[in-house]
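Chemist: As listed in TrEMBL for this protein:
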DOMAIN    42-295  domain 'G-protein coupled receptors family 1 profile'
TRANSMEM  27-50  transmembrane segment
TRANSMEM  62-83  transmembrane segment
TRANSMEM  103-121  transmembrane segment
TRANSMEM  141-169  transmembrane segment
TRANSMEM  202-221  transmembrane segment
TRANSMEM  242-265  transmembrane segment
TRANSMEM  277-297  transmembrane segment
Amino acid sequence: MGCAPNASHSPVFLLLGFSRARVSPGLLFFLFLAIYLVTIIGNVTLVLLISRDSRLHSPMYYLLRGLSVIDMGLSTVTLPQLLAHLVSNYPAISAARCLAQFFFFYAFGVTDTLVISVMALDRYVAICNPLHYHSVMNRQLCACLLTLSWVVSVVHTMLHVGLLLPLYWAGDAEGNVKLPHFFCDHRPLLRASCSDIHSNELAIFLEGGFLMLGPCALIVLSYARIGATILRLPSAAGRHRAVSTCGSHLTMVGFLYGTIIWVYFQPPSQNSQEQDMVAAVMYTAITPLANPFVYSLRNKDVKSALHRLLGWGRADS
């Protein structure tokens, strides 16, 4: 595709994702404001509970606390800007801010997927090797795995930012480039570019696919071993208890990886802009919102810690 003479490396992007929505901007504003506030309150509460309550000072909750911090970052990168644009007649973002949003969104998003896979490893050790759980999944190893997740995520994101920098975008007469999305996501930016994007697409499928394949393989192998171990347990109560400890994690795996694969690993001709938007709302708003509730409402330890924090019931309950 050739670029017009007015094409630029640094245009102004207009984020028009909800401009054609059948719902009024005011209603969308209050909906996403409620989602954002509940997300922050829920995850902050979970972080405080895990930090303050000694009964939750275990490897699983250490990883869960890290996941909550990541989820707050993931929502904060996208939703406050969306709220501002819903009440604005000019939902513009400069190229520099757009790339910064892209960077932080991908850094938090990829780290989220990697930490989810580390939590699968944690469940594997807890169920398949319970006698050595605390010695294997100690605080130092968890910290190293979280740090490694961040390092891999940042390197991955810098690669894709570097591939975006040489691209040109041709805007309208005022130099504005219209993006049919509510934040600077990868697919809309590539679709709007007038440059050759084959290298970007190749990086998504090869490097990005490999980055997803590793965590997915770890999750599948961990749960294959977990399933085999659960089937060998002699009592039904033991099997139920083991399954209940994995249910929350499996729910979030389905949410997160399902939407990522739907958006990023289909050929562009097979997924529409509307489908991209729905999936993007799922992993930028719904998944961070759901995480603290999925992991706490099904977890007796977290519910007991909340009761102790609020002074409900006996302190040792």
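Cβ coordinates are placed from backbone N, Cα and C, and glycine is handled just like the others.
Walk me through where these features lie, including what they touch and how far apart they are.
Modeler: Within the model, the domain 'G-protein coupled receptors family 1 profile' (42-295) shows a mean pLDDT value of 86, rounded to a whole number.
Sequence-distant contacts of the transmembrane segment (103-121), counting only residues of its own chain at least 6 positions beyond either end whose CB sits under 8 Å from a CB of the stretch, comprise 60, 63-64, 66-67, 70-71, 73-74, 77-78, 137, 142, 145-146, 149-150, 152-154, 156-158, 160-161, 183-186, 211-212, 214-216, 218-219, 222-223, 249, 252-253, 256-257, 260, 283-284.
Same-chain residues lying 6+ beyond the ends of the transmembrane segment (277-297) with a Cβ under 8 Å from its Cβ atoms: 17, 32, 35-36, 38-39, 42-43, 45-46, 64, 67-68, 71-72, 74-75, 77-79, 105, 109, 180-183, 185, 248, 251-252, 255-256, 259-260, 262-263, 303, 306.
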Chemist: What stretch in 27-50, 141-169, 202-221 has the biggest tally of Cβ pairs under 8 Å against the transmembrane segment (62-83)?
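Modeler: Stretch with the highest Cβ contact count: 27-50.
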